[in-house]
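Asker: This is the feature table in Swiss-Prot:
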{"type": "SIGNAL", "residues": "1-20", "note": "signal peptide"}
{"type": "DISULFID", "residues": "C48-C63", "note": "disulfide bond"}
{"type": "DISULFID", "residues": "C55-C72", "note": "disulfide bond"}
{"type": "DISULFID", "residues": "C62-C87", "note": "disulfide bond"}
{"type": "DISULFID", "residues": "C74-C85", "note": "disulfide bond"}
Amino acid sequence: MKFVLLFGVFLVTLFSYSSAEMLDDFDQADEDELLSLIEKEEARAKECTPRFYDCSHDRHSCCRSELFKGVCTCFYPEGGDNEVCTCQQPKHLKYMEKAAGKAKKFGGKIKKWFG
């Protein structure tokens, strides 16, 4: 019985050591990928398209608002055959931003009252 217990402890220790090494390898690869993604994001952030401007050249270039990124929305104007694309914010996200702003203001008032 003691042998089985010692063998089990040995296997658990060996497994945890090998999985820790694999996780370290994955973490290093993830860090490298993350750094390259951050560099790309910083480069892309400088060229964002403001809200209500044409985004047909790059549909993923809309600027971020306080909480959410704008969405490139395409439509056909009335009586026109050409497609027009502009950066816009969906209404539900607009309302969520307004609610978050009001909650933040209310939280500040509560902090003043009790803080």
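Quick reminder: no glycine exception, Cβ is built from N, Cα and C everywhere.
So that I understand the layout, could you describe where these features sit and how close they are to other parts?
Answerer: Under 8 Å, Cβ to Cβ, and six or more positions away along its own chain, C48 (disulfide bond) finds S61, C62, C63, R64.
Within 10 Å of the C-beta atom of C55 (disulfide bond) sit 25 other C-beta atoms, taking all shown protein chains into account.
A 10 Å cutoff on Cβ-Cβ distances gives C62 (disulfide bond) a total of 22 other Cβ atoms nearby, all chains included.
DSSP assigns C85 (disulfide bond) to a strand in the three-state reduction.
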Asker: Looking only at Cβ atoms, how many others are within 10 Å of the one on C87 (disulfide bond)?
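Answerer: The Cβ of C87 (disulfide bond) has 21 Cβ neighbours within 10 Å.
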Asker: Which of the listed disulfide-bonded residues (C63, C72, C74, C85) has the least company, meaning the fewest other Cβ atoms within 10 Å of its Cβ?
Answerer: C74
Asker: Through the lens of DSSP with three states only, how would you label C48 (disulfide bond)?
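Answerer: The residue in question, C48 (disulfide bond), is coil (DSSP, three-state).
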